[in-house]
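**Q** Quick one: the structure is below, and I'll ask about it shortly.
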Amino acid sequence: MASTSSLALSQALLARAISHHGSDQRGSLPAFSGLKSTGSRASASSRRRIAQSMTKNRSLRPLVRAAAVETVEPTTDSSIVDKSVNSIRFLAIDAVEKAKSGHPGLPMGCAPMAHILYDEVMRYNPKNPYWFNRDRFVLSAGHGCMLLYALLHLAGYDSVQEEDLKQFRQWGSKTPGHPENFETPGIEVTTGPLGQGIANAVGLALAEKHLAARFNKPDAEVVDHYTYAILGDGCQMEGISNEACSLAGHWGLGKLIAFYDDNHISIDGDTEIAFTENVDQRFEALGWHVIWVKNGNTGYDEIRAAIKEAKTVTDKPTLIKVTTTIGYGSPNKANSYSVHGAALGEKEVEATRNNLGWPYEPFQVPDDVKSHWSRHTPEGATLESDWSAKFAAYEKKYPEEASELKSIITGELPAGWEKALPTYTPESPGDATRNLSQQCLNALAKVVPGFLGGSADLASSNMTLLKAFGDFQKATPEERNLRFGVREHGMGAICNGIALHSPGLIPYCATFFVFTDYMRGAMRISALSEAGVIYVMTHDSIGLGEDGPTHQPIEHIASFRAMPNTLMFRPADGNETAGAYKIAVTKRKTPSILALSRQKLPHLPGTSIEGVEKGGYTISDDSSGNKPDVILIGTGSELEIAAQAAEVLRKDGKTVRVVSFVCWELFDEQSDEYKESVLPSDVSARVSIEAASTFGWGKIVGGKGKSIGINSFGASAPAPLLYKEFGITVEAVVDAAKSFF
């Protein structure tokens, strides 16, 4: 359907883009050649620039292996492909125009590769977006979400009807301004902050590789799907993408295929102003196979051949760099930053319709395009039915493996799993909660099939190694210890992908609590996307001692208590640590953070797994009538201090209640009656103690209460001295309590 003027514009802009590549070392990969798409005719000057670019780059470094060049038979008539691609473009244009906000440029430029993926390559069932063995797609450049909504609409997903497209970016719609997996079935992960999506995709691909290695048999492949992603220049600039892609290459995730939308435009202008590295060479160095598709605008056969080649490379992920024109088809805004994040405007929409020869009304999908895409509903049903039959045969032959895999697919935990968690008495030897956490992790891994995880190069400090299992590596993907290296941000986002792959995959990841500063973006997406990742955060206070304030968390607990849909646990001993894990494993749509001590702590009388389930509970009380003289409230290592202070006060004749406030969020969920039983409203004499910022404690202790904590950075010294110098002591609690009498 493209007009002559449109094709001329396309080739002119494409030549400029490829010449732009030749201006530095970024374009040094050999590209597909000899493939001609419908209407694709580069000018002589364009060909000369390409040749000059390639000649220049050959002098810069040895050529990588050329991509296989072959004639690929298109699976679909080229005219319907053109029409389908333009349908995607104009659904995006029209939705953004109606909303008066959005990002039309990416959908207009990426429509060809996205069409080929969803219409010709990917396996999915539109009527069951949660079919286990579907291919996964991640739009890492989430601002271009109208591309994804248009694809889901054309493919027949019930979640995106025409009316939903018309409600793009509106209150209560299924088509929000960035993809949200919890809002729109068919969307795998929540993306928007750039780089998160490609890191999620690494997690999805890791999950596939791990499950395939564990459960596939020579005569039965029941886990066999690909993960595809589209990422842009912005994703490439973000450090998280390099962290995650480095691991993808190291792990050899051969079923991860990422399309790099190479359009040279960022919000502030041409990428030349800030981004001139050689992405191709970087990804080769990261262990990826790299292919360059020069013509992403109309080069359908090039895109098909690139995907075909990528699937032949099974020992490493593939990056397909697709040179596109942002806002393709817009006569006055294509290839400019102005088309990135704003509606085209009425006049430019009309000009684009004329330019691309598109006579249809807004939101109208031509009948032949509808008919063409309608086949995905029966084909998807057949794909799922065939897989179900294969799994039924697998279940008969391999019942034990099938039972484990079903648990992972459904999220149903084995009966009695919680009995594996250790329990403790006050007579049990005291220990750091990080060590007690390791006991819980290893107990859970033996009974929960989908339990896996690791640390950011701190396994021996975080105590997170699963002793019964080896390391997940390229040659041993069936193992369950994940070695993330010093990549906190990538680690968190990869775990999000693992958690969102299957309900029964329960990933955990670990580092020092203070280094959540390096991964907070991923942790926030965990909460937003309802990914039940377990964050094992050790060295939770000044109790870590001599490493000093760079390693001592102060404000971190308060900040995570402020984060929606997040459980912030700070257990005091073994029973509370086990209780925190019991909750974390069952909360599959809420991430849990466990702040754990480096220093040894005693097992306290009165603590219990059941108490943790309430979030806050009484561990000792010598009062009557629910009216103690004072209530002492502690968390983690300071609960012991509260208990010791209570004994001092009781010797002075005061009645004292000691409350463990292990998880504020769970306490907030309890009934008013229960809350009153723990914190009676007519008892205003309350003292909290926590070796962290006192921010937020006011709502717990009330206007007349007192909060003991640390509202400055820590210091380098032995832990006992730090507690004394910062006033986190029994004496300080006793003095605060006595001020009420």
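Glycine is no exception: its Cβ is also placed from the backbone N, Cα and C atoms.
Sharing the features that Swiss-Prot gives for it:
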{"type": "ACT_SITE", "residues": "Glu488", "note": "active site, proton donor"}
{"type": "BINDING", "residues": "His103, His340, Arg434, Ser461, His539, Asp547, Arg598", "note": "substrate binding site"}
{"type": "BINDING", "residues": "His143, Gly192, Pro193, Leu194, Gly234, Asn263, His340, Glu488, Phe515", "note": "thiamine diphosphate binding site"}
{"type": "BINDING", "residues": "Asp233, Asn263, Ile265", "note": "Mg(2+) binding site"}
{"type": "MOD_RES", "residues": "Ala67", "note": "N-acetylalanine"}
{"type": "MOD_RES", "residues": "Ser428", "note": "phosphoserine"}
{"type": "REGION", "residues": "22-51", "note": "region 'Disordered'"}
{"type": "SITE", "residues": "His103", "note": "site 'Important for catalytic activity'"}
{"type": "SITE", "residues": "His340", "note": "site 'Important for catalytic activity'"}
{"type": "TRANSIT", "residues": "1-66", "note": "transit peptide"}
**Q** Inside 10 Å of the Cβ of His143 (thiamine diphosphate binding site), count up the other Cβ atoms and send me the figure.
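**A** Neighbour count, Cβ to Cβ under the 10 Å cut-off: 23.
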**Q** If you count CB neighbours within 10 Å, which one among the recorded positions Asp233, Glu488 has the smallest count?
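**A** Counting other Cβ atoms within 10 Å of each of the recorded positions Asp233, Glu488, the minimum falls on Asp233.
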**Q** Taking every protein chain in this structure into account, which of the binding-site residues His340, His539, Arg598 has the most other Cβ atoms within 10 Å of its Cβ?
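**A** Result for the most crowded candidate: His539.
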**Q** Is it possible to get the count of other C-beta atoms within 10 angstroms of the C-beta of Phe515 (thiamine diphosphate binding site)?
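**A** 20, counting other Cβ atoms within 10 Å of Phe515 (thiamine diphosphate binding site).
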**Q** What residues, ordered by sequence, lie under 8 A Cβ-to-Cβ from Arg434 (substrate binding site) and sit at least six positions away in the same chain?
**A** Ser461, Asn462, Met463, Thr538, His539, Leu596, Ser597, Arg598
**Q** Cα-Cα, whole number of Å: Glu488 (active site, proton donor) versus Asp233 (Mg(2+) binding site)?
**A** 22
**Q** Specify the count of other C-beta atoms within 10 Å of the C-beta of Asp547 (substrate binding site).
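**A** For Asp547 (substrate binding site), the count of other Cβ atoms within 10 Å is 15.
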**Q** Distance between His143 (thiamine diphosphate binding site) and His103 (substrate binding site) at the Cα atoms, whole Å?
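**A** Taking the Cα atoms only, His143 (thiamine diphosphate binding site) lies 6 Å from His103 (substrate binding site).
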**Q** For Ser461 (substrate binding site), just give me the three-state DSSP call.
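**A** Note: Ser461 (substrate binding site) is helical by DSSP.
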